[in-house]
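K.L.:
Take this structure, written in C-alpha cells, and hold onto it; I'll ask about it next.
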Ligand SMILES: NC(=O)C1=CN([C@@H]2O[C@H](COP(=O)(O)OP(=O)(O)OC[C@H]3O[C@@H](n4cnc5c(N)ncnc54)[C@H](OP(=O)(O)O)[C@@H]3O)[C@@H](O)[C@H]2O)[C@@H](O)CC1
Ligand SMILES: Nc1ncnc2c1ncn2[C@@H]1O[C@H](COP(=O)(O)OP(=O)(O)O)[C@@H](O)[C@H]1O
Ligand SMILES: [K+]
C-alpha cells in the first residue's frame, strides 16, 4: 500500500530531523533529485526556465537551477515574488543562471525545453497569481514539459480538488505522496509522480492507496481441496422488468470473479436471459454466503421489503444502487455499500456537490450511520470503514465510467464477500481488480468484456499460487 501523508505531518517530521541533525539541510537532497530529473527531461543541451516562489519550494528550484547551470545548460529564473531563498539565490547567481522578469519569462516559454515549477510547495495556499497562472497555461497550451517540485503549484496539498495550478508532466515529491498526488481530479495535474526519500521518518499515514501486489495477495485463489461451497455461494437479487441488464451484468461480474456458485433469484426477463446465456448459474433460493441486492431495481414500491427479505439471512451483503435508498435501521455484520456520489448524497440527505467536495467525510458519515463499509465509486474509489480508516483502490482508465460498470463491480465484490473477505477488503480488491482489468484492455470495451478480462488477470495469480 502507498501511504499518503499531510503537509503538517511532513513539516513535523522535518522539524524532528532538523533538531537531530543541526547544521545540515534537507534542501540539498531535494534539489539534487530535482536537478537529476530536470536533466533527464530537458536533455544535456536543453534550455530551462525555472519559476521560483519566495519559500523553500523556490529554494529547491534555485539550488536545482544552479546544478543544471553547472552541467552547462542555459537556465533562466523567474522569481515571482519580491524575495527569494537567499542561499539559493547566491548559488544560482554563482553558477551563472540568468534572472528574468515576467515579460521575458513569458516570451521564453515558447523557446525552452523544460519549465521547472518551484513556486509553491506544501506551504502554498491554493490558487495561483494571474501572471503565474498565465505562464502555466501557456506552457500547457504549447505542450512544453513541466517538472513540478513537490507538487504542481496552485494545488491544495491535502485535497483532491482542482485549483488554478500548473499542469505537470512529472512531479517530484519528497518523503511521501500527499492527497493531491493520488486523488482525482487533482492527481490529473501531477503527471507521473516520483517520490524521493530524503531521509525523514514519518508516522501513520492518513490514507493508503492500493497497489497491484496488494490486490493479488488478497485474492481468494481456490486450494486443492476447495469445492463450490467452500469457495462461496453468491445469492443475487437484482434487475427488474425495466432494468434486466443490471442483473445480467452483476451475475457476469460474480461469475468471472470466480464465484463457487451463483443462485439468481431476480425477476423476469433477466431470469430467462441468464438461463439462456450463462448456464452455470442456478435459479431459486438456497443457502448463500453473501447477497448482492439493489442493482437495477428501479424505484419500485416493494424495494424495502425486497431488501429486508434478503438481509433476513443475516449473511453479509453488497448493497448497491436502488437498495441504498431503503436501508433498514440495522444491517447484518459485514455489509458493503457501493454508492456513486449521487447515491451517497441521497443516502445522507445531502447534495451531490457536498459529497464531491468531501468524499471521504461523506463516506465516513454513511459508514458510521449504517455500521457498514462504504465503497464510494468514481474516478478515485474510496473504501471507508465505520472507524474512519480510509483506503483507495488501484486507479484505472476512465473508459470504465460507463453504464453497467457499477453492476459488474457489485457482482465482483459479492463474490469476494462470499469467499470470506471482510467487507473492506472485498471493496478494495473488487474496485481495484476491475480497474486493473480495464487497464489491460484500454478502450471503450463494454463492462461485460472487462469482467471477462478480470478472469484472465486473476488466472495469472492462480497459476502463481499453484507453483
Ligand atoms: N522544510 C524543509 O526543510 C524542506 C522543504 N522542502 C521544500 O520546501 C517546501 C515548503 O516550503 P515553505 O514551507 O517555505 O513553503 P512554500 O511552499 O515554498 O511556499 C510558502 C511561501 O509562499 C507564500 N505563499 C503561500 N501561498 C501563496 C499563494 N497562493 N500565492 C503567493 N504566495 C503564496 C507564503 O508567504 P505568505 O504569503 O504566507 O507570507 C510563503 O512564504 C516544500 O514543498 C519543499 O519543496 C524541501 O527542500 C525539503 C526540505
Ligand atoms: N473516471 C473514472 N475512471 C475510472 N473508473 C470510473 C470512473 N468513473 C466511474 N468509474 C467506474 O465506473 C463504475 C460506475 O458505476 P455506476 O455509476 O454505479 O454505474 P452503473 O450503475 O451504471 O453500473 C464504477 O465501477 C466505477 O468504478
Ligand atoms: K511547486
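In case you wondered, yes, glycine gets a Cβ from its N, Cα and C as well.
Where the annotation comes from TrEMBL, it is an automatic prediction and has not been curated.
Given the structure is predicted, the values throughout are model-derived calculations rather than measurements.
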K.L.:
So TrEMBL lists 57, 153 for K(+); which of 113, 117, 197 goes with them?
P.N.:
117
K.L.:
An 8 Å radius from the center of the 57, 117, 153 Cβ atoms defines the neighbourhood of the K(+) site; name the other residues of that chain inside it, in order.
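P.N.:
After dropping the recorded site residues, what remains is 51, 53, 58, 61, 118, 119, 120, 121, 124, 148, 149, 150, 151, 152, 154, 166.
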K.L.:
Could you check which of the binding-site residues 56, 57, 125, 406 have their CB within less than 6 A of ligand 1?
P.N.:
56, 57, 125
K.L.:
Out of 125, 340, which of these binding-site residues shows the lowest number of other CB atoms within 10 Å of its CB?
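P.N.:
Candidates: the binding-site residues 125, 340. Fewest Cβ atoms within 10 Å: 125.
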K.L.:
What's the CA-CA gap between residue 153 (K(+) binding site) and residue 125 ((6S)-NADPHX binding site) in angstrom, rounded?
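P.N.:
Cα of residue 153 (K(+) binding site) to Cα of residue 125 ((6S)-NADPHX binding site) measures 9 Å after rounding.
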K.L.:
Tell me which binding-site residues (56, 59, 117, 153) have a Cβ under 6 A from ligand 3; sequence order is fine.
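P.N.:
117, 153, in sequence order.
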K.L.:
Tell me, by DSSP, whether residue 406 (AMP binding site) is helix, strand or coil?
P.N.:
helix
K.L.:
Across the domain 'SIS' (35-204), what does the pLDDT come to on average, as a whole number?
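P.N.:
Averaged over the domain 'SIS' (35-204), the predicted model reaches a pLDDT of 97.
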